[in-house]
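Take a look at the structure set out below.
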Amino acid sequence: MTQPDPRTTTVTVRVPAKVNVQLAVGGRRPDGFHDLANVFLAVGLYDSVSATPADSPRLTASGPDTARIPLDDTNLAARAARLLAERHGLEPRVHLHIAKDIPVAGGMAGGSADAAGALLACDTLWGTRTPHDELLALCAELGSDVPFSLAGGAALGRGRGERLTPLATGGVFHWVFAVADGGLSTPDVYRECDRLREAAGLGATQDSVPEPEPDEQLLGALRAGDSAALAATLRNDLQPAAVSLRPALADTLEAGTAAGALAAVVSGSGPTCAFLVKDPETATRTAQALLASGTCRTARPTTGPAPGATVV
Ligand code: ATP
């Protein structure tokens with residue numbers, strides 16, 4: 001059998017987006033971050049990251065939103081390749097190509113997905129065989145959501161979301177994602193969350209906000225694969241802040257609920273809105289109604305849990 005030529009071989013990794021089915025946000029810590037109880041579910045919208053040997057580092061991207069991602073050293077995929085190369089004493093001589101389908105700055109961890117994808121693609125291309133635990137640790141250095149992008153499935157994230165415990169899921173959940181025009185900056189949304197808490201007289205620091213805890217009923221609903229029970233427990237503490245910064249999101253949430261969704265929630269820091277529905281037919285109908293309502297740019301039916309970063 002002929003061996004592939006290592007100079008021309010390309011490794012492609014597919015990585016899922018995520019929705020937070022529970023995002024409980026604690027008080028602001030002295031370092032400015034917030035402790036979270038973050039229940040992640042990977043869903044079937046994917047970016048693909050391809051790694052090909054090159055004489056010097058190169059990054060390209062394709063997809064409708066690529067004008068909104070940096071194609072320089074600050075791109076999370078490029079940072080991931082550099083970090084892995086450094087760890088193994090290599091030069092990051094790689095051409096990374098991101099085929100982008102996850103909404104940019106949409107609260108679905110698109111940048112984190114690309115970082116996890118680049119790590120796995122380069123590790124495979126370079127034959128560095130980094131143990132899974134070390135890959136997860138590298139992911140955590142790159143960003144709080146990156147370990148989950150590598151792992152996929154469902155997981156509870158503690159700390160800033162990077163300390164993961166995998167969660168069992170008892171079935172497939174059907175979703176529709178309403179993608180907005182433009183993004184929201186995650187730091188801006190956390191700042192607005194603190195501002196709203198202070199304005200309500202609750203205080204925004206760790207002394208005044210209760211420690212975030214996972215909701216046992218929600219974890220039970222995931223375990224049972226029970227959509228109605230999950231719908232009753234979906235919760236995102238960043239939602240009021242995202243809606244305060246982008247009031248039109250209230251109309252999107254309302255349009256999906258009116259179309260028959262079991263529940264509606266802003267995805268992470270938004271502005272993508274997530275609708276949990278009971279079956280694929282309702283997903284198609286809800287997506288059509290959301291598009292017709294004119295309250296979003298696109299509406300994408302899909303399912304979760306989805307597998308984590310995978311070499312294809
Ligand atoms: P999260 O849900 O993790 O808070 P997000 O989905 O809201 O993140 P991203 O799509 O990850 O947002 O983009 C956040 C910022 O990161 C944007 O300003 C974007 O320009 C920048 N960025 C850097 N690298 C990438 C990348 N590979 N893909 C997308 N955005 C990137």
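Just so you know, glycine gets a Cβ as well, placed from its N, Cα and C.
Bear in mind that TrEMBL entries carry predicted annotations, made automatically and left uncurated.
In the three-state DSSP reading, LYS18 (active site) counts as strand. Residues within less than 8 Å, Cβ to Cβ, of LYS18 (active site) and separated from it by at least 6 positions along the same chain comprise PHE40, LEU41, ALA42, VAL43, MET108, ALA109, ASP145, PHE148, SER149, GLY268. The active site annotation in TrEMBL covers LYS18 (among others).
Here TrEMBL flags 75-153 as domain 'GHMP kinase N-terminal'. If you take every residue in the domain 'GHMP kinase N-terminal' (75-153) and average the pLDDT, you get 97.
Residues or ranges marked as ATP binding site in TrEMBL: PRO103, VAL104, ALA105, GLY106, GLY107, MET108, ALA109, GLY110, GLY111, SER112, ALA113. Long-range Cβ proximity for GLY111 (ATP binding site), meaning a same-chain Cβ under 8 A and a gap of 6 or more residues, is found for ILE69, ASN75, LEU76, VAL104, GLY143.
Summarising the annotation, TrEMBL assigns active site to ASP145 (among others). Of all Cβ atoms in the protein chains displayed, 27 besides its own lie within 10 Å of the Cβ of ASP145 (active site).
Residues annotated as domain 'GHMP kinase C-terminal' in TrEMBL: 219-291.
Taken residue by residue with DSSP, ALA113 (ATP binding site) is part of a helix. Among the recorded positions LYS18, PRO103, GLY107, ALA109, ALA113, residues whose Cβ is positioned under 6 Å from ligand 1 are identified as GLY107, ALA109. Counting only same-chain residues at least 6 apart in sequence, those with a Cβ under 8 Å from the Cβ of ALA113 (ATP binding site) are VAL15, PRO16, ALA17, TYR46, ASP47, ILE102, SER149, ALA309.
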